[in-house]
Amino acid sequence: MTLLTASSRAAARLLGAKNSSCIIFAARHASTSTNLKDVLANMIPKEQARIKSFRQQYGSTVIGQITVDMLYGGMRGMKGLIYETSVLDPDEGIRFRGYSIPECQKLLPKAPGGAEPLPEGLFWLLVTGEIPSQEQVNWVSREWAKRAALPSHVVTMLDNFPTNLHPMSQLSAAVTALNSESTFARAYSEGISRTKYWEFIYEDSMDLIAKLPCIAAKIYRNLYREGSSIGAIDPALDWSHNFTNMLGYTDTQFIELMRLYLTIHSDHEGGNVSAHTSHLVGSALSDPYLAFAAAMNGLAGPLHGLANQEVLVWLTNLQKELGEDVSDQKLRDFIWNTLNSGRVVPGYGHAVLRKTDPRYTCQREFALKHLPKDPLFKLVAQLYKIVPNVLLEQGKAKNPWPNVDAHSGVLLQYYGMKEMNYYTVLFGVSRALGVLSQLIWSRALGFPLERPKSMSTDGLMVLVGAKSV
């Protein structure tokens with residue numbers, strides 16, 4: 001059966017009937033091969049031809065305008081790069097290759113007896129644009145298990161980090177050290193053809209994703225479990241299950257939560273700090289280890305990956321001040337006090353979204369199913385009813401609705417993972433699925449070195465005809 005999405009129908013109309021056969025990510029027969037690299041090798045020439053045709057016809061078309069405020073405002077809303085794996089709609093939220101989170105939850109393969117999608121399936125979708133079969137997902141699970149072992153120098157490095165070194169710093173350093181294993185770096189030094197770049201980027205990306213749970217688990221065990229062993233990878237288990245086992249958690253609900261968490265945090269289009277960083281560094285032909293390590297340094301920033309930690313701190317302070325069973329009016333007063341003191345309510349608002357984040361919604365549904373009476377969840381649910389109205393009354397927020405960070409920490413706390421400093425590491429492991437999928441395609445499509453033009457304030461004033469003051 002051939003599938004055609006709404007966006008792809010629009011693209012087909014734009015290109016005209018004679019070129020519509022090139023819309024391979026929109027109208028296609030699902031691949032039957034279980035080897036992801038083989039599937040990619042078949043797709044890439046068709047996608048290259050599609051983009052070549054599109055650029056030949058529309059390369060000079062103007063797609064927007066840039067204002068002075070955009071330059072000073074972090075380039076918000078500026079259309080400036082191609083990112084294939086996901087698109088963030090202000091009203092609908094994230095779509096992975098055109099599929100919403102509820103659709104992914106329904107369509108992606110599950111573990112035996114499980115209800116949440118396997119991240120392996122999401123990775124296949126991000127790379128190929130196709131919903132994988134159970135056999136294809138099982139192939140990815142086995143492939144990652146086979147590639148998971150860490151080189152001895154990385155193990156030694158992790159075991160000798162000081163305990164006061166932040167978990168994200170440890171993650172970034174360990175990933176950088178894996179650069180010694182890069183097949184792309186070796187192949188590039190040997191002068192491989194540009195048309196082969198993607199093959200080695202693929203191999204490095206698969207290796208890195210496979211090894212990340214081992215790195216992350218060692219960091220956790222060294223910091224919080226007295227350096228106890230992470231154990232061995234079980235090739236019969238999926239990626240998330242192995243990860244939770246290595247962390248030391250065996251609760252089946254927590255394993256399901258990890259599958260959901262690693263799926264929904266994987267990608268959020270290309271303009272966020274971690275995704276853009278990996279894209280930028282990768283454009284210099286740095287290998288995936290270096291590009292991803294750079295992305296993790298961005299994710300470690302408090303304005304990007306530390307938000308769920310800030311939510312928990314705020315919730316904890318709220319409980320200490322008001323107690324666990326608090327009235328709606330007292331909550332309203334507390335929220336107003338937070339806002340009137342010049343602070344924000346953490347976990348609410350988003351740079352792009354203008355509705356409730358669907359990543360929040362699916363975590364809320366998980367909590368309603370598995371921990372409806374948990375005091376911290378009940379507080380989060382109560383805030384969901386109150387905070388948006390207060391923010392609307394205040395009149396400053398463009399988006400008064402909760403984002404993913406308003407909920408994720410609460411779920412981790414419930415299942416016993418209390419170490420808030422570690423949460424961003426989980427975010428990082430998940431984000432690898434998205435940014436490395438795109439990195440493969442960036443090299444397959446021959447994207448050049450990213451080099452935008454910068455301007456000084458004086459130069460900008462001259463450009464717009466303003467008088468210098």
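Just so you know, the numbers here start at 1 and follow the chain as drawn.
Glycine residues also receive a Cβ, built from the backbone N, Cα and C atoms like all the rest.
For reference, Swiss-Prot has these:
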- 1-31: transit peptide (TRANSIT)
- H304: active site (ACT_SITE)
- H350: active site (ACT_SITE)
- R359, R431, R451: oxaloacetate binding site (BINDING)
- D405: active site (ACT_SITE)
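Feature map: annotations from Swiss-Prot on the structure.
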residue: H304; record: active site; Cβ contacts under 8 Å, 6 or more apart: N272, V273, S274, G298
residue: H350; record: active site; Cβ contacts under 8 Å, 6 or more apart: D357, N399, W401, N403
residue: R359; record: oxaloacetate binding site; Cβ contacts under 8 Å, 6 or more apart: G93, I94, I101, I264, H265, N403, V404
residue: D405; record: active site; Cβ contacts under 8 Å, 6 or more apart: A307, N308, E310, V311, P346, G347
residue: R431; record: oxaloacetate binding site; Cβ contacts under 8 Å, 6 or more apart: H265, S266, D267, S274, A275, A295, L299
residue: R451; record: oxaloacetate binding site; Cβ contacts under 8 Å, 6 or more apart: none
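Largest Cα-to-Cα span within the oxaloacetate-binding set R359, R431, R451: 33 Å.
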